[in-house]
Amino acid sequence: MPLYVRRGASKLWRKICGEVTVEIPLLAESWKYLLGGVVFQYIHGLAARGVHYLHRPGPILQDIGFLLIPELGREKGSISEALFASVFCSFALWTFHPFIFQNKKIYTVLIWCRVLAYLVASQVLRIVTFYSTQLPGPNYHCREGSELATLPPPKSVLEVVFLNFPRGILYGCGDLIFSSHMIFTLVFVNTYQKHGTKRFIKQFAWLLAVVQSLLIIASRKHYTVDIVVAWYTVNLVVFCIDRKLPGRNAR
């Protein structure tokens with residue numbers, strides 16, 4: 001192995017070890033918040049699964065987004081999922097960049113505590129909203145005539161507990177107002193807007209959020225109202241939490 005490679009590897013290892021020694025005390029202080037946020041993701045999944053039992057398919061509601069944005073079709077519906085996966089993975093990798101790079105420092109543990117706080121607050125509002133009124137789903141598997149549009153009573157407790165994974169996750173209906181994908185996307189974009197360092201990435205991230213919104217509507221996975229409500233609700237949640245709990249996420 002060349003000398004410069006060994007030196008680079010040694011330097012990287014020291015950087016990772018040094019960052020671990022900083023993050024471990026923070027993790028020891030904050031693990032309960034992180035665990036609570038992760039557990040709530042499962043609770044949110046249970047709630048979304050539960051509302052599927054209440055869903056009743058019907059005619060697709062009149063929607064200005066459906067009138068203005070051409071339908072992608074069932075075959076191209078995965079485009080919005082691919083973009084969402086890219087945003088999710090890119091953000092997750094960015095939160096761990098202090099372990100490798102020497103630019104502006106953030107505390108990975110504290111960033112994820114803040115992100116989970118945004119997510120939980122937004123998801124609580126989402127659960128209350130989609131249980132208040134169930135709309136007929138516009139997605140292909142939620143329409144009249146689809147066997148997935150309605151669910152029979154669960155055959156066992158395990159079917160509910162395990163969310164009928166992965167089928168129950170991929171083919172849910174009824175959890176419409178407001179979009180869960182946009183909750184995650186807007187939380188990630190807002191977090192990078194506050195703690196990121198690259199201006200062009202911040203601008204590009206907001207552009208991706210807009211594109212994600214249009215693709216979700218074009219895929220007929222949500223009504224336009226689900227996207228609009230997500231935009232102002234999530235941004236207000238982020239604003240309120242940051243104002244009430246300023247915290248310390250960066251060095």
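For all residues, glycine too, the Cβ spot is worked out from N, Cα and C.
Taken from TrEMBL, the feature domain 'Sphingomyelin synthase-like' applies to 172-239.
If you look up TrEMBL, you'll see 82-100 (among others) marked as transmembrane segment. Proximity of distant same-chain residues to the transmembrane segment (82-100), defined by a Cβ-Cβ separation under 8 Å and at least 6 residues beyond the stretch ends, is recorded for 12, 15-16, 19-20, 106-108, 111-112, 115, 181, 184-185, 188, 191-192, 196, 205, 208, 211-212, 215.
Residues or ranges marked as transmembrane segment in TrEMBL: 107-128 (among others). Nonlocal intrachain contacts for the transmembrane segment (107-128), taken as residues 6+ away from its ends with a CB within less than 8 angstroms of a stretch CB, comprise 22-23, 26-27, 30, 33-34, 36-38, 40-41, 44, 47, 95-96, 98-99, 175, 177-178, 180, 183-184, 187-188, 190-191, 195, 233-234, 237-238, 241, 245, 247-251.
Residues annotated as transmembrane segment in TrEMBL: 168-188 (among others).
For 200-217 (among others), the entry in TrEMBL reads transmembrane segment.
Per TrEMBL, the feature transmembrane segment maps to 223-241 (among others). Residues 61, 63-66, 114, 117-118, 121-122, 125, 129, 135, 138, 176-179, 182-183, 186-187, 190, 213, 216-217 of the same chain lie 6 or more positions beyond the ends of the transmembrane segment (223-241) yet place their CB under 8 Å from a CB of it.
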